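Undergrad: Quick one: the structure is below, and I'll ask about it shortly.
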Amino acid sequence: EEQKRLLENRPDQPRDPKVLRIAIIGAPNAGKSTLSNQLLGRKVFPVSRKVHTTRCKARGVITHEDTQLIILDTPGLTNPLKAKRHNLDEAMLTDPWDSMKHADLVLVLVDVSDHWTRNSLSKEVLKCLSQFPHIPSVLVLNKVDILKKKFLLLEIVTDLTEGIVNGKKLEVKSAFKQDSDSSAKSPLQITRAASPGSKVPGSPCGQEKNHAQKGSGLDKSSDVGEESQGPKHYGPKDLKDMKGWPHFQEIFMLAALRGEEVDTLKRYLLMQAKPGPWEFHSDVLTNQSPQEICDNIIREKVLEYLPLEVPYGVTQVTQIWEEGECGELLIVQNLLVPRESHKRMLIGRGGKVISRIAQEAGQDLMNTFLCDVRLKLRVEVKG
């Protein structure tokens, strides 16, 4: 009831409010929800190692003094063929595009630990950026702590930016390349590792520019002519030959799961906010209802513990949602599966799997709602 009241009431506007709407896009499983949760400081969005954990666009809200950041956490950009294979709704294809329409800034997240995909942006991401070239974009390299050969970051940055950042050409210094065994610390200290261009107004990393260039092995060169005059329109033929996007304003390297350098990115985002009215009350953390958060967290655990495509066929039905006298929450949810064999998998030998799901989901819900939660799960075959 409190969440509903906060969402329906008019926001408590400060004297000179500032706002920034941020769309986080990327391939499935790049770490978008993990980054969103770290920025928010609380688990609001579901996270798992399986693709397509996020099934709909949801908003997270960060309010700091007179500034409000609205994070548009979106499903991973995918194509109709993959959507059909994972039994995904039509919204999974359209939601990322809808989020872009409302964004003031777009963060493109890339998982650098995935050696199959890290050297090129997916066609879906490139298509999305090319449709909204007027929206400022920032490249965020995630999971850099897992990357053993740190010198590869230079090659990845060059590929993903087409060698151009903020209208300037990148140059790779040979000194860094030779140091192939450099520690994780070096690139992690460079929050704007590849922003060799002139200082971006409001960037918290402006005074660190010289240190950043030295640590990253990226140096500035001359302006790139027409590139510095803003994004041109890219057609399907242009995108076919492109691996990266030459119009990123900044580059951040971080480890979202461990929270490394997330605060630096957060400070940068707060500095980019522009004058404008708040959309949400300062006490709002997300526009999702408590029931939606609950469903997402339980589905996250189901995705983790069931193999292959099995968890995508599970339907959730909440039977009981009651608040006790002492503020505790009793939740009973039925998990409906299409086959008897899936039911056996979900329950597990001696009920071990379903017990673990209920225990872990219950703990996450307590951390999110900040109250005691008693969660009971029942497994049934769809009638």
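Including glycine, each Cβ sits where the backbone N, Cα and C put it.
According to TrEMBL, the feature domain 'Era-type G' maps to 18-276. What TrEMBL lists as region 'G1' is 26-33. Sequence annotations record features per position, and here TrEMBL assigns region 'G2' to 52-56. The region 'G3' feature in TrEMBL is assigned to 73-76. Under the heading region 'G4', TrEMBL lists 142-145. As annotated by TrEMBL, region 'Disordered' applies to 176-239.
Distances, neighbours, how buried they are, the whole picture for these features please.
TA: Same-chain neighbours of the region 'G4' (142-145): 30-31, 34-35, 109-113, 153, 184, 187-188, 253-258, 260, counting only residues six or more beyond its ends whose CB sits under 8 Å from a CB of the stretch.
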Undergrad: Give the mean pLDDT for the domain 'Era-type G' (18-276) on the 0 to 100 scale.
TA: 73
